[in-house]
Structure formats: structure tokens, C-alpha cells
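> The structure follows.
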């Protein structure tokens, strides 16, 4: 009867090669005679070779064709329970688990150290032979048996390392008596689904099959086996002579533990390729592995000779079945009786309900009894009883010298010599004592190369949660011991001290004794009652539960006759038939040595007579990585520094380009001078501690210039009005000191230069003399002592200090000292300082500088002439003091007299119209505008005469002038002379509070509020104004922190048992948490830059709930947050990689399942950083991140925008590398894609929308070069392009750098059928654009095109939604309003259904002067014409003056007021707009608007310009809103420049 196959096996059966037909074949009459063959062995091989063709050939064919192939991994042995006995199945428990916590913590928490127990009960003398003359071959064959059925001591993942305490001054491990040593112990692999609760305590797994199925020979993996097979004649691979297996050149994952005596990982290719990964551990177990490989090949060769037509697979399978059967027979019926001294009950057949699993007590305690028989060395001999010595002359090979180095052992030794030596060698005594080679010198990891097997055995029982010794006995049906002597009465009778030590060690707790200790102590001569019961029970279950057991006739593998013959096979038959050992050279019962057996051992081996074992303590896995780790840290630290240096160089490069451009532009504008310019390098001496390198330029005009290294002028030394130049040179008595030269001219501070040498000074003097002669000037040269010259030199700094003191004294004498202010001179030096001040006088240039004007301005000349009463060309201290007193305390008539005298050029006592016209022109010149023509000046003067009834006169007397200025009498009260020289104003500060404004604001009598309520109002107002920003910022950081905390908690507490957590500590929690947060932040950045989406959302009501205008600020906040977490992630991983680099190969095996390391390869820091996907991309990401963030610095963005933008395009690489970064799964599955997917799709779609116009080449309709280097470009508007006024585009020109795009605001209105931009030439690109379209250079045939990307939403585009709006533009920030104001007047004046809600709009233009914005004045002029509904009110603030009530400003105001009355337009701009001088008081203005438009609930305030401007407007809105009155001001802003 055939046994039904399992589903997997049926699939295999279909592919089985059918047995070749044998119907007509007759048996050859052969007699097989092999050396040493016995009746059983000969008959066995006869049966195998001929296929049992003793009867019917057909019978055999039928049987073999239906024979089921046994799987290698142990599955489907039991068809009802396919996983029983399979690889990675649980160890089984017969006794209840006894974990300390009931779940997984090691048992015996209160028991003594296992090393101490080992020293107490397992230490003894070597060299005591077996009581029953068991051979060493039996002792090592026991290891084969163990390897065949169990592998449950190997550490699993995660690594769990425990420390076995070592007593101080331990003779082996703590010879220095340090007391801090420990033996590392790794817990065994277990099922990850167990150990979670008391209902499912931890269960260790068996990584071998539990069956005796030849897995020691054939492995548990078919892939592994295929590497061993030759696929020729059914044999396994061997070397050419067929005696040894091949080396592991294919790098099958054999165990390649470090050799203790070498302290390094050797190549796995030196090992023999065999079925069990542990076979290279020692020479004895390796010999058995080679023996059975030969046994398989011997059978295969015999089968092939008899059946030459059989396939390789048929031969292999038949040989495998026979090898497994012979192994089963040897283990159960030969080894076990010899080991236990008793046999198993007779076989009763297959019992499918019996579980074959390896028991915990069997694996962790009972079957480890065989360790006591292991000798300290291995004898080798030949067939003539010649025992072979080692090369050093020792009688045997020391076991502890061959751990994991057995492959080289067979270079001068044969398997036969080892097997015959083991058969003659008597094992160690069967007692609790272990020989020193396994008790003190067992192999270990490189950091602890020698371990204690006895201690490890006890720890393994605790690891498996074994109960105490008595409970374990009871679970196997044995009686509990009630007294200590019950354990082993004969032993304790002969060794009573052992009993005392046992009681003391376990605190006299008999029910707390470890299973292994109790079992070993009860054994003597052979396993004790308990261990015998455990071992017999285990092997009986293995035999009876095995469906493929060779005695099971129902499996169809062997016939009863074959089974009977197989039962006769012994290990002696296998050795004699597989090796060159002859039958008389080895005893028949190889497990026992009896008198008369061949070749008795010379003596019982003792460790003292063998080669000493080396003991190398400690190993640093980080060795070799120290320098590289330092280099990596330094490199990563220098990356941002290098990026910053590159950014600095880029800024300097762009500044240099701008300077060269500026110089070229100035050269084109300036008149051409004839003559050459001579130069010389020198150092300008400023004071004792400061010098600067300068280039002195002579000419070409009559002036000497000092220029810095950037080419910028530092000082001009004018010689126009000077005839004689005084030159002093330092005396030549200081040879070692560098020479100095001093240039002194009247009305200017001195120029002191340090030259490199006296020769250089002579050269300088010669050049200066020639230059002065060329311009017809004289030079006086005198030699002065160097120190005296430097002490007397009046440098700029000294002159400045003197002038400050000059102005301060004038202020103090006029107004007195302020409260708390002290005079800054001492009494001792007061007289000298007073004299110094009295002697100081101001030149016209210094006076002009104090007024903030140029010396050639007419106003300066006139004012200087008024103050300089003695007309000596300088203003003395007394003259200046009188003027200050007059302006600060003088009467209005006195001030008017000064103005009258300024206008009276010819000093005839009257002002004619010509003189008044000249003054008007000087005032207009101050305002830096050219909008006032001759006719307008004449018209203005006639109007002023007419206003006071003097139209019949052509001149004004002083009385007439007073009459004309009568209405401005109040303004003249506060007239002062504002000077920059002093650090205080020369006006009473109370007068400065007033503002000249057209806004009539009545003072509001607010009730005084308690300061606490005022603070509360301010706080509430702040929250109300920024509620959306605060909410989304709060939401953003809550999500970011939650993501960090979630991952941190997961890796800190939920995954604390994993290897990542064990190795990296809290570092992995920090890095994984920061990875989650930075993934979120970087992904969110894409949404903030989805400009088309943001622009579109502004058209929907949702924009009321999302602060879309703040997307740039939020982009920066999210980026800075991402930067923080990126740096944290990087630093964390640097620490993590350090920890990883300090780990052993075994620990790294569990670190990740994604990376496999060769057993002889130790990855260092360079591997993790530069040879893994995660490390390499991480370094690249760090570099890209540094580049992007450094080049995003505001300074670089402003000075080198092109570099900023080009570096910012690296974000594509940032996101690609971030996606790749986690694919290696070193620390976990990649998660970046989860955050990136949504924003990435949105951003990609947004970019696709931008492509709609980006690659559309638009025709240039018209270009216009405007003053102040502005160009207006009008170009084609694409069809279906919709935009709002105030929006902006990114623009490029196909004529040059077509891929370089720059952002510009659209100045065309949405209703116009074209697009336009006003671009001021500032940088290289804008200058190229202007020069390209310059009519002098432009070729109309070139027909360049414009490409745009956008339009995108600006902060000002929602202006039309407010009934009342205030618009504030400053500097270049007026550009959006060119479009907005046009759109406003179009919407309110021509189309009542335009959707513009504005009923009143205030536009405030703040600029230093109108000079650079003539084009915008034209725009405003056009807007004023179109504004028929007067919805727009324009105010212009000119900020170039210091003070509202400065003398100049007052006169300008008077003229402006007259001109406004006369022509209804401004004298400066020609606009109806009101002009103001100075900066606006935004708070007062907003209060005025609030009061005037109290009927609305909210007013929109829109500001655009430099950051200080928008911040001041924001502050004003905050201040007004704090009053908690309606209307409420909502501020929208956009920063330019």
C-alpha cells in the first residue's frame, strides 16, 4: 500500500524521473568482495546496488515509482500536522514554563551566577577516563546527533544579550581582580508571535528539522543542497581525489565564527561545503560530516555501476534514502544504547498522533550531558597503531586550539587518522565535571574569545524558561527529591563538601535548583534517572512519529527484507566501506573500547600535557574606523561652511560685476577727460590702530582720489581752488619703520599715507610733483619726525570728533544740558578744549555735509553766506552759535530777515522777481525734480505777488516780503536749521511732534485705562489680527511634533526589544522621529510653492479661512523646521552609525534583513555612509540641503538672485534622493512617499499648468526706455490668460539666457489687451535687457520673444473687495499699483458692474524723491485724468529731508502751497496729489481714515515695498486696532527689494 502524498509532495512526484525498465534484464552472477566487508555490510550493498532484485523486478519498479520524496525542511512528515518537526518549529514543553515574569524574562532571577555554579560543580581534574570505556568517538558522535535534530541555541533576532557575572579574581577571566568582567550570553531565537502575554509565553524555535532525516548531511534547504551536489551520477561534490568535500567557494552561509587564536574573521571560502552550518566547528564533528558525505558517494557509485542507465536524480534519491536509514539505525539502535546503557522499546510502527518536537529540557539540559565526556584533545593514529604527534611534539591535537579552524587541520591529517584515533581514545569520565577546553576555553565572539560551556548550559535552561529540577522530574513522571542527598547519595557520601556547596549556592532551596545542575549531579557513569528518561522519551517520540522512519513498512520506501538488512548496519560498516580503514584496524563496536580491541591509547589525555591555548582578551570592532569617522564628521561639518564660503564668494562676484557695470555706466555718462590717470598703491593711516589698503589715483582732473580694492571712491582730494599743497614726510632716521607722507590743503582734513619703502615714497613724491605741475599747482615739502607728524595729523576721524564736539558745545550753550547729561570734558583740560572749540571753523563742504546737501547747491551757498558774517570762507564757532540761537530762540521777524537776505543776492535791500525765481529754482533743485518749467516759475511768482496785492510791483521790500509770508507765520515759529553733525537736533523736541499734514484730526479724549486692561486689549487684538496664522502655525507644529513623538515612542517603548533599539539606543528613536517630521515638512513645502493653486484659491471663499498671502512666510517657517529636523536626523545618524560600527557581525545580521554581510566582512563607517543606498543618499541629501539653505539666505537672494534660483532648483534632486533614501530599509520601511505623494501630485499638476504659458513665445509689441534706467516692455497677451491687477509673472527673454527667469509685477491692467512690465536696470540681467532694447543696439529683424510663467497671486490682489482701501507704496514697491490704480479707475469710472467694491481709495506714495520714478508719475497723471468719480485720493511723501520744520522744507512747503492754489497741481510732479515732506505718521492717518469712514466694518490696508515700510504699516494697524473700535484694519503686504 502506498501512502498518500501531501499536496506539496504530489507536485514533486509528478516530476519524478521514472525508474528505467528492468523486465528482460537477468541478474549477473557477481560476488562482491570489499575489504573489511561483513555479511551485513555486503548484503546491504548488494541489496542497494541491485535494487533487491531477488524476486520480481516488477515488484520493485512498482514500489520505487510510488516512493514519496522526503522534503528537506521537515514539512509534511505528518500529513495531519504538516509543520510538526519542520524547520523553525517550536520546541515543545512537557514541564510548564517558569519565566520570571511569566512571559519571557529569563528564569532563575534569584539564582546564583551560572559561572559560579560552573566553578563549584563542574570544575575538576582532566584525564579521568570513562567508567565504561566509552570512546571519544561516542562523545563527538553525540554532537552529530544533536546537530542532526536540533539547533536552538543560536541567537535570534532581535539580539538579546545578558551578562553572566564573573566573580572577582576569577582564575580564568579576571586575573587582574578588576571585578567588572562578565561573559556575554545571547538568548536563543524564538517565535515572535509568542512572549506577548502569560497565555502565550515565549517559545524558542528549532532551526533544524526534528526528524532524523539526514539534515546534518543534506541540509534543510534544497538550494543549499544543490550547491553541494555534482548532478552527476547522484554524487555530492568532492575534491579530485574524492576524499574531501569542496571548499565553500560559493559562499554558502556556513557558520564562520572567529578563530579564538587569531582574533579576526577568516574567509568562509576556506571552510568545507557540507550540509550543516556547524560542521567546521572542530575536527571530530568535521570528520563525521566528511564520513557521511563519502558514505553517500560510495552508495551512489555502487548503484551507478549496477544501474548505468539510471538518472542522476534516481541514483541520488536512492542513495539518500539509504544513508538516512543507516543514520537512523546507528543513532537509535547503536549510539543510544551505548550512551544510555539501555535501549528503546521495540518499534511498534508509525504513530501519527505523537508530536516529534524537540523538548526544552532535552535541548537545554538532558542531552547536554554528553559534554562531560568531551576530552581536551584528539588522538590521531594510523592502521599500525602509530599515534601521531603535533608539529610541536605534543601527543594529541588540543581541542581549544582548533575551534573553527578545522579546515586547515586536514592539510596533513586524514579523516581515517582522526576516526581511528577517536575509536582508540577513551572519553572523559561521565560525571558533573567538564574538561577545561569546554568549561573555560570554549570559543566565543571576538570581544570575549573564551567562554564557559557549563555556565552557558545553565543559562540556556534559564533562557528557555525551564522550571526547577524537582518540577522537571515530576513532569516526566519521576518522584520529587525531598532532601539534598536524594539527588545522588553515593556522590554526596564520597564528596560531602559538594553537598554543602550546593546548599549554600541555592540558599538551601531544593526547589530552586537548575535542571542542568540537578541532572548532572544525579548522573555518574552514565546519565542519571532523570536525564535518561528525558532522552529516551525524546528519541522514542522521534522514531514513532516519523512517517519516513526506515522501519515503517507503510511508507513504501523499503521492503521488510531491506529493513532487516538495514538493521544490521553499524557505524563500523560505514567507516570501513567509506574510508581506507581496514576491518582489522578498528574495533567493531566503535563506541566502546574493550580489552583486545586494536590500538589502545597511550594514556588518558590531560590538558596539562597538551599545547597551551591562547587567550586573547577584548576586541574593539570600531578599530580601523576612527580616522574615517573623524574625517566624516569634519567633512559634514565643513559642508555648510564651504557652502557659506561659496555663497560669500558669489555675493562678492555679483557685487564686483555690479561695480564694473556701474563704472561702465558712469564712464558712458561722464564727460570724457583727456590725459592719463596715474595710480599708486599705499596704506591710508586713519589712526594708531587702523590702516586700510588704498589706491591713490592722480587725476585726470585736478583732484587726487583714494579708491578701495573694490574700485569704490573713498575720498576726493580736490585741488581746484588751491594753489599750494603742503606735503610732510617722515624723517629717515627710522630705518626699520615704514615711511609716511602727509598731504595737507586748506579747508579739508589731512591725508596720511604709509608707503612700503623709502623708494616707493620717493616715487610717490615724484608722481605728485609732476601731477601738481601739470595742473599748475605748487608743492611745499618738509621733513618731520614721524611721531610728531602722526600726532599732529588731522585725519577724518579726528576732524569728525572735533566737529561733534563743536556741535555739542553749540547745543549745550544754546539749550543747556538735558536732565542727567554730563559735560564730556574734564576740568583739568577744560581750558584747552574750549580753546580748541573756539578755534574750530567749518568749511563750506563741512557745512553742506551737516545739512545733508551738496556744497554747490544754491541753497547752501546762500545759507553759508548768511552765516559767514566776516566773509572769510569759513564759519567760526561764534558765527555758528549765533545762527543756532537765532533759529531756536529768535523771533519770527529775525527768521524772515534771514530768508529775505538769502533771496537778496545783490544786497540792495529788495528782492526782484529774478532773484525770487532763482531761489525757487534752487528749492526745486533740492527736491530733485525737473517738472517745473520757466513759464510755471514765472506764473507762480506772479501769483504770489497777486495774492498779497503787489501785482503792480516788480520787486519786494522787506515789509512786502513780511506781508507775503503773513499767512505762514505759524509755520515760521518752528523753523529750525537741522544739522547732521551733532547727535542731537538743534530744535526743541516738543516742536518735532507736530506734523504738517492735510489730515484734520481732532484730538480724541480717550478714558485712561488700567495698564493691565491695555495689555489685555493688545493681546486680544494680536490674536484677532493673526488668528488664522496662529491657528495654522499651531496646527502645523502640532502635526510635526505628534509625528515626531509617535515615532519616538514607537522605537523607544513599542520596539525596545528590536536590534535597532538595542544597538542605537535612543538615537534610533530620535532619528526616526525626526525623519517623520522632516518628511512632513519637506512635503508641505511643495504646497506652499504651488503658486497657481494658491492664486486660484484666492478667487474662492476659502481664501477667507486660509492665510494664502502668508504662503511665503509659511514656506520659510516650514523650511527652517525641516532644517532643524534634518540636522537632528543627521547628527543622530552619525551617532547611530558609530554605534553600528562598534557591533559584531552577529549583531549586524539582525540589524536589518535587507543587507547580507559576508561572514568575513566587517562593515565600517565608510560602508554605512558611502556604500549603502541610505548612507550615500543621506550624504548627498545633506550636501544639497546645505547648498539650498545657504543660498536661500536673504543676502544671497538679494545680491545673487540667479545663483539662489539655480541652487533652489536642486529641490528636484532633494525629493528624488529622499524617495530613494529609504529603499534600502536599513532602519525600517520607507515612509517618505506617504507624505510626499499627495503634495507631489498637486505640485506636479501645478507645474504642468505653468507650462501652459512658460513655453509660449510672446511677441514684443513695444519697448520704451524711460528715465532712471527703467524700460517698459509691452508684449502680446496670450488668449484666455486671466489675471488680477497686482499679480506678477516670471519672465525671460529668448534673446539671451532664455532659461533664466526673473519675477516682475504686471503693470498693465486686466482690461487691457496687452501685458506690460516696467523693469529698472539694476543687476546684470536687467541691464542686458535694457541694453538689448536700446534703440542704438536693437535690430528689429531679430524679433526676440518673451516667455512668462504665471501669473501668480500677490499680496495686493484683493484690494477690490473692500469699500475703503488704503494703499501704501514705497520704493520699487509702487510697481503693482501701476496696474491696480488703472484697474480701479477703469472699474469705478467706466463699468458699474465690474465687481470693484471700492468707494474710496487712499494711495500713499513714499519716496526719497521723484527723480527715479518719472514713469510712475506719468501713470498717476493718467489715472487722475480717468478718475471721474474721485474715488482715488493720492498723497505723496518726499522723505529726503531730515525734518518737517527744517528751513528748506518750510520754504518748499510755502512754494508748493502757492503753486497748488494757482494751478491745482504740484510744483514737483504736476499732479493733483498732495505733496508732504517727510515720512507719514501712519497711526494718525489711519485714525483719520477710521473716523471718516466709521460706517464700514473693515478697511483693507495694502502695503508694498521694503520690509521696514511694511513693518511700520503693520505696527500702525496694530496700534489703531488696539483701541477696539470699528472699522477694523486688515493688513495685506508684499515685500520688494
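Keep in mind that glycine also has a Cβ here, set from the backbone N, Cα and C atoms.
What you see is a predicted model, and the numbers here were worked out from it, not measured in a lab.
According to Swiss-Prot, the protein carries these features:
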type     : residues  : note
TOPO_DOM : 1-626     : topological domain 'Extracellular'
TRANSMEM : 627-647   : transmembrane segment
TOPO_DOM : 648-1029  : topological domain 'Cytoplasmic'
MOD_RES  : 826       : phosphoserine
DOMAIN   : 891-926   : domain 'EF-hand 2'
DOMAIN   : 936-971   : domain 'EF-hand 3'
TRANSMEM : 1030-1050 : transmembrane segment
TOPO_DOM : 1051-1065 : topological domain 'Extracellular'
TRANSMEM : 1066-1086 : transmembrane segment
TOPO_DOM : 1087-1116 : topological domain 'Cytoplasmic'
TRANSMEM : 1117-1137 : transmembrane segment
TOPO_DOM : 1138-1171 : topological domain 'Extracellular'
TRANSMEM : 1172-1192 : transmembrane segment
TOPO_DOM : 1193-1202 : topological domain 'Cytoplasmic'
TRANSMEM : 1203-1223 : transmembrane segment
TOPO_DOM : 1224-1230 : topological domain 'Extracellular'
TRANSMEM : 1231-1251 : transmembrane segment
TOPO_DOM : 1252-1537 : topological domain 'Cytoplasmic'
DOMAIN   : 1253-1358 : domain 'FAD-binding FR-type'
> Which of 627-647, 1030-1050, 1066-1086, 1203-1223 has the most Cβ pairs closer than 8 Å to the transmembrane segment (1172-1192)?
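Per the Cβ count, the answer is 1203-1223.
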> For the domain 'FAD-binding FR-type' (1253-1358), give the DSSP counts of helix residues, strand residues and coil residues.
14 helix, 41 strand, 51 coil
> Let me check one thing: do the transmembrane segment (1117-1137) and the transmembrane segment (1231-1251) come into contact, meaning three or more Cβ pairs under 8 Å with sequence separation of at least 6?
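Contact between the transmembrane segment (1117-1137) and the transmembrane segment (1231-1251): absent.
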> What stretch in 627-647, 1030-1050, 1203-1223 has the biggest tally of Cβ pairs under 8 Å against the transmembrane segment (1231-1251)?
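Highest pair count goes to 1203-1223.
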> Summarise the topological domain 'Cytoplasmic' (1087-1116) as counts of helix, strand and coil residues per DSSP.
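Across the topological domain 'Cytoplasmic' (1087-1116), DSSP assigns the residues as follows: 22 helix, 0 strand, 8 coil.
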> Grab the same-chain neighbours of the topological domain 'Cytoplasmic' (1087-1116) for me: Cβ-Cβ under 8 Å, and only residues 6 or more beyond its ends, written as numbers and ranges.
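Distant contacts of the topological domain 'Cytoplasmic' (1087-1116): 1028-1029, 1032-1033, 1036, 1239, 1242-1243, 1246, 1249-1250, 1287, 1350-1353, 1355, 1357-1358, 1532-1534.
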> What parts of the chain pack near the transmembrane segment (1203-1223), using Cβ distances under 8 Å and only residues at least 6 beyond its ends?
647, 650, 654, 1079, 1082, 1085, 1173-1174, 1177-1178, 1180-1181, 1184-1185, 1187-1188, 1191-1192, 1196-1197, 1229-1233, 1236, 1240, 1300-1301
> Is the topological domain 'Extracellular' (1138-1171) packed against any residues at least 6 beyond its ends, judged by a Cβ distance under 8 Å, and which are they?
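Beyond its ends, the topological domain 'Extracellular' (1138-1171) has Cβ neighbours at 155-159, 186, 251, 253-256, 265-268, 445-447, 620-622, 624-625, 628-629, 632, 1059-1060, 1063-1065, 1067, 1178-1179, 1224-1227.
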> If I take every residue in the topological domain 'Cytoplasmic' (1087-1116) and average their pLDDT values, what number comes out?
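Over the topological domain 'Cytoplasmic' (1087-1116), the predicted model scores a mean pLDDT of 83.
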> With DSSP as the yardstick, break the topological domain 'Extracellular' (1138-1171) down into helix, strand and coil residue counts.
17 helix, 0 strand, 17 coil
> In terms of Cβ proximity under 8 Å, which residues at least six beyond the ends of the topological domain 'Cytoplasmic' (1193-1202) contact it?
647, 650-651, 653-655, 1300, 1302, 1323, 1325, 1537
> Using DSSP, tally how many residues of the topological domain 'Cytoplasmic' (1193-1202) sit in helix, strand and coil.
8 helix, 0 strand, 2 coil
> Under 8 Å between C-beta atoms and at least six residues away from its ends: which parts of the chain pack against the topological domain 'Extracellular' (1224-1230)?
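For the topological domain 'Extracellular' (1224-1230), the sequence-distant neighbours (Cβ-Cβ under 8 Å, at least 6 residues beyond its ends) are 1060, 1068, 1071-1072, 1151-1152, 1154-1155, 1172-1174.
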